[in-house]
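See below for the structure under consideration.
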Amino acid sequence: MAEGLEVALTDFQSSRNNVRHHTQEISVDHLIVRRGQAFSITLYFSNGSFQPGLDNIIFVTETGPLPDLAKGTRAMFSLTGRGGPSPWIASLETNGPTSLEVSLCASPTAAVGRYLLKIHIDPFQGSVTAYQLGEFILLFNPWCPEDAVYLDSEPQRQEYVMNDYGFIYQGNKNWIRPCPWNYGQFEDNIIDVCLTLLDKSLHFQIDPATDCALRGSPIYVSRVVCAMINSNDDSGVLNGNWSENYTDGVNPAEWTGSVAILKQWRATGCQPVRYGQCWVFAAVMCTVMRCLGIPTRVITNFDSGHDTDGNLIIDEYYDNTGRILNNKKKDTIWNFHVWNECWMARQDLPPGYGGWQVLDATPQETSNGLYCCGPASVSAIKEGEVDLDYDTRFAFSMVNADCVSWLVHGGREQKLHRDTSSVGNFISTKSIQSDERDDITENYKYREGTPQERQAFLKALQKLEARRSQGSLRAGSQPLRPTPRIQEETRRLDTPSLRPSDIIQVSLKFQLLGRPNMGQDIRFVLLALNVSSQFKDLKVNLSAQSLLHDGSPLSPFWQDTAFITLAPQEAKTYPCTIPYSQYSQYLSTDKLIRISALGEEKSRPEKILANKIITLSYPSITINVLGPAIVNQPLSIEVIFSNPLSEQVADCVLTVEGSGVFKKQQRVLIGVLKPQHRARVILTTVPFKSGPRQIQANLRSDKFKDIKGYRNIYVDFGL
């Protein structure tokens, strides 16, 4: 042939390919495929047919601003196999009179992102003709065994990649409540927002060619996304705010989904959205990672440690009234903390540490100069392997640090007690294809108090001390001897545990009398127990103060003093009531109240400390679906809500959303709600996606911010 074939038209078969690649929820009009899996395209020629012996077609794929064969961001591969080996593959499917259907397959390690597809047609005689066929998007592939994010369970892939709604667990360890969330990873333009997020990272801004080349690694991509969800280093998605002042943004408790956040970020030229806290950071990261194809779930850890100095101890300070003080070291125990787990192989670590990895986008500490955390192997955390990348030491302390309580009085600090089991409780995530809560604490640590758990803690402590010793040697000092702390932990392992009755003579404990509902008085008792054979005279100082969910205390608003005399083996209760009128004006958005008791015997210097965290609850919103839900047919939805307070509330706004059910978040201005008033709103929508869906709702006012509700529905495809 003197001239090459001329391409008149290219059919990317987007609808068919996207179904095969599990991306049809994102789009059926634009080609979105997963690496390591073949997809088909059809070339239509205007001047003949493809002749294998005479024509040579070379496909070219390029991603990023500086495509490079050596870096893997450019690939050239021939339909006939000529031109040398390539990690990308092209093969002939059908050859028609004026068309050619070919199968293309990206390398299972290829960089993810937006690609340009080109072809060079070489007739072996005459000039080479080049064509740009169009763009496509390449994602990670948890269905491909050769992909580093391969997950060998279809139910898990459906839950951790395909499910676009879920629950984030909040409250406290004694009252765990599910918060519904719309991840919406397949909503319109979210894939574009996710790719923009990668391009806005500092890594891309500094060296775009290298950044794009590294996007084949889920380890690298997860760290980039983790840093970009917060805005501490860059033009990230969310500003964090724990100040209780949200007048120039949105109270984090009001959000019910990621879509509005991501779309606002992009619409404002990638200006950080105000505001987020840990569950919002984790939820938005879950959206981005699932969209990119990395299996991801949201994890809540109750009583989560934040160890700022790396010694695996959280110090808490109390005054002589039992009030918890602001921590001068900034160590805190968060009432709950939320992060992500992403599934991936870890070829950079010893065998056995792949699988679920902790990634925490909440800006707490820096990692290699940026505010991100992870990926840290969950298996490594459990075994105390705190020297493995990335940030495993910090992740270990969140679930297994020890807590030491101190009494501050007269300028001196007195150690009250050390608790080895208070940090890291009821680690929770949504169950697979179920609305139930799955407790995964055993993934992170051995059962509290067992030799295996203390051995893992000792190993972690020894590794941290060894790192400090190496730093000391580099500085020219003598090697460090085993610290008293390591010696103490070793003795704990070698000494049988004492029974509580051997060491405790008097104990204090709080017990609630009924569920603590917002707007009602809080009633509880202090239970004092004497297990000794002697009379005990106690003076107990009681206090109550609001907490932020990160453990920061606010000013106390209630105090009391009890004098209790206990006969040998006697138990007594001391009743307490905190009126709504007393706590309402001091309550934080998190609705957390910490009650504390600090007791002392007249004849003994030892102090007895007891505390309890109370989360006040609201009545949930009720959502009713009025009629069958069918794609492209009108659907009426009834939302019923009430003011739980005995006072009028103003500035009420109801927000409702749900992927596949509402095109965008619905906002209904309610205005004023009278005391205890119950109201209903009817919304009409047209569902546009079939299958299981969830509707999420939130009601806010000038007195409360997060009365929530949800309803699962199934949308039929119809005729």
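Cβ atoms here come from the backbone N, Cα and C positions, even for glycine.
Keep in mind that this is a model prediction, so the values were computed, not measured.
Listed in TrEMBL:
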- CYS278: active site (ACT_SITE)
- HIS337: active site (ACT_SITE)
- ASP360: active site (ACT_SITE)
- ASN400, ASP402, GLU448, GLU453: Ca(2+) binding site (BINDING)
- 270-363: domain 'Transglutaminase-like' (DOMAIN)
- 468-494: region 'Disordered' (REGION)
(request) Tell me the Cβ neighbour count for ASN400 (Ca(2+) binding site), meaning other Cβ atoms within 10 Å of its Cβ, over all protein chains shown. (result) 24
(message) Just to be sure I understand: of CYS278, ASN400, ASP402, GLU453, which recorded positions have a C-alpha no more than 10 angstroms from the C-alpha of ASP360 (active site)?
(response) CYS278
(request) Using a 10 Å cut-off, grab the number of neighbouring Cβ atoms around the Cβ of HIS337 (active site), all chains included. (result) 28
(request) Tell me, roughly as an integer, the mean pLDDT over the domain 'Transglutaminase-like' (270-363). (result) 93
(request) Determine the Cβ neighbour count for GLU453 (Ca(2+) binding site): the number of other Cβ atoms within 10 Å of its Cβ. (result) 18
(request) Within 10 Å of the Cβ of ASP402 (Ca(2+) binding site), how many other Cβ atoms can you find? Include all protein chains, please. (result) 22
(message) Can you name every residue in this chain, apart from ASN400, ASP402, GLU448, GLU453, with its Cβ inside 8 Å of the center of the Cβ atoms of the recorded Ca(2+) site?
(response) ALA401, THR420, SER421, VAL423, GLY424, LYS445, GLY449, ARG454, ALA456, PHE457
(message) Let me make sure I understand the structure: which of the recorded positions listed (ASP360, GLU448) has the fewest other Cβ atoms within 10 A of its Cβ?
(response) GLU448
(message) If I restrict to non-local contacts, at least six residues apart, and a C-beta distance under 8 angstroms, what lies near CYS278 (active site) in its own chain?
(response) TRP334, HIS337, VAL338, TRP339, THR362, HIS549, ASP550
